[in-house]
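Undergrad: Pasting a structure below so you can have a look.
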Amino acid sequence: MTIVTNLGFPRIGARRELKRALESHWRGETDATQLQHTARELRARHWRLQRDAGVDLPPSNDFSLYDHVLDTAFLFDAIPQRYRGLVDADPLAGYFAMARGRQADNIDLHALEMTKWFDTNYHYLVPELHRDQHFALRGNKPIAEFEEALALGITTRPVLLGPVSFLLLSKTVDGSNRLDLLERLLPVYTQLLRQLQESGAEWVQIDEPTLVLDLDAQTQQAFRKAYAILNQGPRPKLLLTSYFGPLGDNLELALQLPADGLHIDLVRGTEQLDAVLNTLPAGRVLSAGLVNGRNIWRTDLDNALTMARYAQGHVGADRLWLAPSCSLLHVPVDLEQEKNLDADVRNWLAFAKQKLSELRVLADALDNKPEAETALTQTRQALEARRQSPKVHRPDVAQRLAALTPDTTRRNTAYPQRSQAQQHTLNLPAYPTTTIGSFPQTLEVREARAQFKSGKLSESDYEAFLKAETERCVRTQEEIGLDVLVHGEFERNDMVEYFGEQLDGFIFTKLGWVQSYGSRCVKPPIIYGDVVRPAPMTVTWSAYAQSLTDKPMKGMLTGPVTMLQWSFVRDDQERAQTCRQIALALRDEVQDLEKAGIKVIQIDEPAIREGLPLRRGEWADYLNWAVESFRIASSNVHDTTQIHTHMCYSEFNDIIEAVAALDADVISIETSRSRMELLDAFVKFRYPNAIGPGVYDIHSPRVPQEEEMVLLLKKARAVLPPEQLWVNPDCGLKTRGWKETRAALQTMVHAAQRLRAE
């Protein structure tokens, strides 16, 4: 019988139970025991769901209260000194302090840096290491969760982040080489593997996703060294797991490593199948990632079955496992909850639970079970209906794309001329202050939105409520002394969803939540067809906010690349083409904002770097169409209109030329968690336009001191001319409270005033 396995399951719960449990605990409403009870219930539910879906070997230790990379650092005692006292006194509080920071009980701790998990929209906490790092086992989470499942009668395969990937995903605070710590780390892995074997684990999934990256000779040698040592001690069988792309030139390396099985991504790396089959060592299991773990479209089961049969013919039925391409962390839990979704589109989709069923169908078809044919036929019909649907293809969009010319992507004049025109119009002081866009979405705001959507609040009453919140926001910014204001975005539930709801070609789920980080969940739109803007989307609220103040008001848009990256994107055409469609829709919106008297327009692109292909050789093509799309959206304005963009969680050193090519008048970037490290890019590259390096971290509730911000601004001033510098937070303030927001922004304005006075 063909084995069905899974690499990871969504943690948050079908109805975001984990989010609610975490936030209740952080507010002090529940204790650690209650939080852990919810966690155990979720794990049990998910293991049973996978078992009932026909998964023969589900994972364990894929669950986390916040982040699996943080879990790994915590497990191996890679805890920075500043957290030691709290961790020793209260491990769970210390764990959350590492994730979120802590400012209470005379404790003032920064959180660990956060960054994107490869090219996904999931964020992980970056472990901090140093040359004298000591590793030791702290707790027994992987063993405890394996035994927890076993007590339910379910045998699982524990998941570990592999030692080399763990080090490569970390940072050293003293500039030392991360891989030099391998010899210190491996004994702890060896100890853990031995304990897992003693607990009865037959297999361990050891994730080394960095195997799909460009690796230098030193890193390749680190892999060889690591697995040679892990192979010496008693251990369970190891499933070496790669995902997010083909192994490419690391295939030979992966096959040299002494593992008992190899998982490959056959969705993003279809082309690697022949090479793997021709070189897979005798006796080694092949886990074939045939179902897309990152997107929500139904699998072409005929195509997947063809690959599976081909693989089975080479390795034999007993050595072939069927799996998703990667962990299902990146997709919603269950499509069955979406009762009100357009029936046609719904029939084209598969969420985590349905993807497991697809794998079972493939396994049954491989085993020649007749019941598989019904599901195969249903899938064929759904895919054909999608190909033929008029909901997907619009001739007017194709015509507009064909009419694009180089002039579509150019401003009227170069930045030096535009900046003079803008300063004449806006009359801003040195070190102008602004925010990134959103202001706190309080419980009252969320409740009013929910009441409006459920019909309990009339449209006129809801609009009156939003106007009052917007005016409060504008008055608060004026009182604080900010120079360029925003309207607060109280009408918006999400920076992508808000726009997608107003664009043809997008559709939204009700419960299609996925984890972004910690308790932060997002509900990505689904781009199922050609994108068109039927009517203005933001003009009414921006114009209203501008009518309340004489100060410049920023129009706030989400950029085309970010809308693409943060959506589930159609897989029947190139991503670049979909991005250009979104850009044209935004171009129309930008023009309407300018006509309405909005002189500053921000087009956020926080996701531009995460769209980079994992292999550097593929970067140029992506950056070309990403930059082109931004310029399509932003170039149809007068010189006096100032175009801003915002980017967060980004490293710019290697894409600084592309960032400059966007030709935004002002960019704001996330820099505070990295203590302005991102500005290193500007030492070698003379960035031509204005820039606002974020001076405080909005992902943490702590209010920074004025001196901290002044120091960061002085660091920025050492790299950039003062006339190019803006002063702003790292990101939007949606998730913060009003009290801390007001205090932090007041401190920020005072910091800017100090620099002006020097």
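Cβ coordinates come from backbone N, Cα and C, glycine included.
In case it's useful when we look at the structure, here is the feature table from Swiss-Prot:
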type     : residues                                                           : note
ACT_SITE : His699                                                             : active site, proton donor
BINDING  : Arg16, Glu17, Leu18, Lys19, Lys116, Arg520, Cys521, Trp566, Glu610 : 5-methyltetrahydropteroyltri-L-glutamate binding site
BINDING  : Ile436, Gly437, Ser438, Glu489, Asp604                             : L-methionine binding site
BINDING  : Ile436, Gly437, Ser438, Glu489, Asp604                             : L-homocysteine binding site
BINDING  : His646, Cys648, Glu670, Cys731                                     : Zn(2+) binding site
Undergrad: Please find, for Ile436, Gly437, Ser438, Glu489, Asp604 as listed binding L-methionine, the greatest distance between any two Cα atoms, in Å.
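TA: The widest Cα-Cα gap among those binding residues is 13 Å.
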Undergrad: Express the distance between the Cα positions of Ser438 (L-methionine binding site) and Cys731 (Zn(2+) binding site) as a whole number of Å.
TA: 9
Undergrad: Given the recorded positions Lys116, His646, Glu670, His699, which lie close to Asp604 (L-methionine binding site), meaning Cα to Cα within 10 A?
TA: His646
Undergrad: If I take the Cα of Glu489 (L-methionine binding site) as reference, which of the recorded positions Arg16, Glu670, His699, Cys731 has the closest Cα?
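TA: Checked the recorded positions Arg16, Glu670, His699, Cys731; minimum Cα distance to Glu489 (L-methionine binding site) goes to Cys731.
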Undergrad: In DSSP terms, helix, strand or coil for Leu18 (5-methyltetrahydropteroyltri-L-glutamate binding site)?
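TA: DSSP call for Leu18 (5-methyltetrahydropteroyltri-L-glutamate binding site): helix.
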Undergrad: Which state, by DSSP, holds Asp604 (L-methionine binding site): helix, strand or coil?
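TA: DSSP assigns Asp604 (L-methionine binding site) to strand.
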Undergrad: Taking Arg16, Glu17, Leu18, Lys19, Lys116, Arg520, Cys521, Trp566, Glu610 as the record's 5-methyltetrahydropteroyltri-L-glutamate-binding set, what's the max Cα pairwise distance in Å, rounded to a whole number?
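TA: Site span for 5-methyltetrahydropteroyltri-L-glutamate, by Cα atoms: 28 Å.
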Undergrad: May I ask which of the recorded positions Gly437, Cys648, Glu670, His699, Cys731 is closest to Cys521 (5-methyltetrahydropteroyltri-L-glutamate binding site) if we compare their C-alpha atoms?
TA: His699
Undergrad: Where does Gly437 (L-methionine binding site) sit in DSSP terms: helix, strand, or coil?
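TA: Assignment for Gly437 (L-methionine binding site) reads coil.
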Undergrad: Among the binding-site residues listed here (Arg16, Ile436, Gly437, Glu610), which has the Cα closest to the Cα of His646 (Zn(2+) binding site)?
TA: Ile436
Undergrad: For Glu670 (Zn(2+) binding site) and Leu18 (5-methyltetrahydropteroyltri-L-glutamate binding site), determine the Cα separation and express it in whole Å.
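TA: Distance between the two Cα atoms comes out at 27 Å.
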Undergrad: May I have the list of same-chain residues other than Ile436, Gly437, Ser438, Glu489, Asp604 whose Cβ is within 8 Å of the Cβ centroid of the recorded L-homocysteine site, in sequence order?
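TA: Same chain, not in Ile436, Gly437, Ser438, Glu489, Asp604, Cβ within 8 Å: Thr435, Val486, Met495, Met556, Gln602, His646, Cys731, Gly732, Leu733, Lys734.
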